[in-house]
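As recorded in TrEMBL:
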- 1-20: region 'Disordered' (REGION)
- 1-16: compositional bias 'Basic and acidic residues' (COMPBIAS)
- 26-49: transmembrane segment (TRANSMEM)
- 69-89: transmembrane segment (TRANSMEM)
- 95-116: transmembrane segment (TRANSMEM)
- 168-187: transmembrane segment (TRANSMEM)
- 193-215: transmembrane segment (TRANSMEM)
- 306-327: transmembrane segment (TRANSMEM)
- 347-368: transmembrane segment (TRANSMEM)
- 388-409: transmembrane segment (TRANSMEM)
- 441-460: transmembrane segment (TRANSMEM)
- 472-496: transmembrane segment (TRANSMEM)
- 516-536: transmembrane segment (TRANSMEM)
Amino acid sequence: MTSNSHKDGMKVDSARQKPSKGGWNAAIFLFLVEVVERFAFFGLAANLITYLTNELHQPTSTAAKNVNIWSGVSYIVPLFAAFVADSLLGRFNTIFLASVIYLVGMILLALSVSVVPMDYRKVIFFVALYIVAVGEGGHKPCVQTFAADQFEEDSIDDKKVKSSFFNWWFWGIVTGQAIAILGVIYVEDNIGWTVGIGMLAVAMAVALILFLLGIKRYRKQVPIGSPLTTVAQVLVAAARKWRVDKKLDSGGVYHGDSQPKTQTLIHTNQLRCLDKAMIIDNLDSMRTIHDPWRLCSLNQVEEVKLVLRLFPVWLSCLMFAIVVAQMNTFFVKQGSTLQRSITPHFIISPASLQALVGLTIIFCMPIYDRYFIPTARKFTGHPSGITVLQRIGTGLFLSIFIMVVSGIVETKRINVVKESNLLDHPKVIVPMRVWWLLPQYIITGLVEIFTYVGLQELFYAQMPEAMRSLGAAVYLSINGIGNLASSVVISMVQAISIRFGEEWLGDNLNRAHLNYFYWVLAGFSALNLCLFVWIATRFVYKKVEEDDVPEEKESGAINRYVDGEII
C-alpha cells in the first residue's frame, strides 16, 4: 500500500516537473507568425473597397456588401477549421495546412491584379479572394489557441503569464495591422496593386517559415475526437429522460468511468433540464455497460452547459460587430471625400486612417495592462481588475459613441457640402479636413481593447478544454455574422428608404443620409447594451474542483441528486 502510494507520488511529481517545451520560448514564434499574418490580412482587407470601386468599378453599396460578405466568410470558416483541429488533425497540422492554402490564395491574388487578362481578372480575383478567406479562417482560431496551449493550466507561474497573454497577443495583432495600413496601403495607392499585394504574398511565406522554425519547441495537444459528439450525447440523453422524476427515479448521479485526468467541473444549477442526462434511473441500473446516448457523466453535462451559457453573450455582441464593420466600408468612403493632403506632394489614403485604430491600441494597451489593471485590482480585488464580462460591457457602451460621433461628423460634412453647392458632385473633394474623422477611429481602438480582448479571453477560458479551438472560432464568428448582418442591414435600409421616397446609402455619398444610418445603429447599440447587461448579471462562470478531489469521484462513484443539488 505504501509502495503504491510512493509510486503514485513519484508519478505526480514527475508530471508536475516543468516541461522542456512550451512557454514563451515556443509562444514567441506563434506571436511573430500572428503579427506577420495580420500584416498580410489587413493589407488586403483595409483597402479592398478601394480596389473594388476604383479598379473593378463597382458601385459603393455593392462594394460594401462584397467586402462585408468576404469578411463574414473569413470569420465563419474558423468554425469548421476549429472542429477539424479539435477532433481530427490537431492544431499544429491545421495551422500548417491553412497556411499553405493562405499562401496559394495570396499568390493567385497577386497574379490576378498583374498578369491575368482583364476579361478574366474579376473572376480570378474573387476566386483568389475566397481561397484567402478559407486559409485565413483555418489559420486564425488555431494559432491563438495553440499559443495559449504553450502555458500550463496547473502552473502558477504560467497562469500569471497567461493573465497578460491575451492583452499582448491582441497588441501584436494590431501592430501587424497598423504596419500594413500605413505601409502596404500607401504602396497600393501610389506605386501599384501588383507590388502591394505581392508584398502580402511574401509576408505569408515568411509567416509559414517562422511557424516551422519553432516546430521543436511547441507543446502539441493530441486531438481526442469530436467535441460536438459530447454535446449531442447530452442533449439526446436529457431528451430521452424527460419523463424521469429527479426525486423519485434518481438512483444517483453518474460521474463517469476511469478516464484521463481533466478538469473536474462543479455542478451548477443553471440549465437543470440537462441534469437528467446524468441521473441513473432503473433502466441504467440494470445495464452492465452504460449507453453514452442515454447516460452521461456530470462533467459532460457541465461542459455542455458551458457551451450553451456562452451563446447569449455571443448573440448580444453581434450588434457591436455590425458597428465595427462600418470602419472598413463607409468610414473609408467618408475619408475619400475629404481633404487628405499633408504636404503639397503627399496625400494619405483614406484607408490609411484605419491605422489610428491600431495606433490607439498600441499606445493604450500597455497602459491598460500596467496601470489600469493594478489600480482597479486595489478596489475590486479581482486579479484582472474587472471581470471579463465587465470589460466586454465597457466596450459595448463605448461602441454607442462610435456611431454617435460618426453621425455628428457626417452631419458636419453634409453641411459643408451644402454650403459649397456640392450635393450633386460626389467626386469633388469637400473643403473639410480628413482629421475630423480621427475621433471615431480612436474610439474604435478603445472599444476593441475592451471588447475584443475580453471576448478572446471569455471564449478561451469558459469553453471545455477539448473545445478551445472551437471557442476561438465562435468568438471570431461574431465578426463573421456581424459583417454578413451589416450587408443585410444595408440592403434593408436601402429597400425601406426607397419605399418612403428617398434612397439611403446610395452611390452619391452626399445624398446617402449616412448620418441617419449611423444614428440608427447608435440606437440599436444602446438597446443591445441593455440586453447584454441583463445577460451578464445572470452569467455563471466555470467552476472547477481543486486538484485534491475526492478519490471516489474520479472512479465513477454515485452521488444522490436531490432538489437540484448533488449530495
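Using the three backbone atoms N, Cα and C, a Cβ is placed for every residue, glycine included.
The stretches the transmembrane segment (516-536) and the transmembrane segment (168-187) are not in mutual contact, being linked by fewer than three Cβ pairs under 8 Å (pairs 6 or more apart in sequence). At the 8 Å Cβ cutoff, the transmembrane segment (388-409) and the transmembrane segment (347-368) share fewer than 3 close pairs (sequence separation 6 or more) and do not count as touching. Stretch with the most C-beta contacts under 8 angstroms to the transmembrane segment (306-327), considering only 95-116, 347-368, 472-496: 472-496.
Touching of the transmembrane segment (441-460) and the transmembrane segment (69-89) is ruled out by the presence of fewer than three CB pairs under 8 A, sequence neighbours closer than 6 excluded. The listed stretches are 26-49, 69-89, 193-215; of these, 69-89 has the most Cβ pairs under 8 Å to the transmembrane segment (472-496). Of the two recorded stretches, the transmembrane segment (95-116) does not lie close to the transmembrane segment (347-368), with fewer than three CB pairs under 8 Å once pairs fewer than 6 apart in sequence are set aside. Tertiary proximity for the transmembrane segment (347-368) is limited to same-chain residues at least six positions away from its ends with a CB under 8 Å from its CB atoms, namely 42, 46-47, 49-50, 167-168, 170-171, 174-175, 177-178, 181-182, 185-186, 188-189, 327-328, 331-336, 338, 340-341, 434, 437-438, 441-442, 444-446, 448-449.
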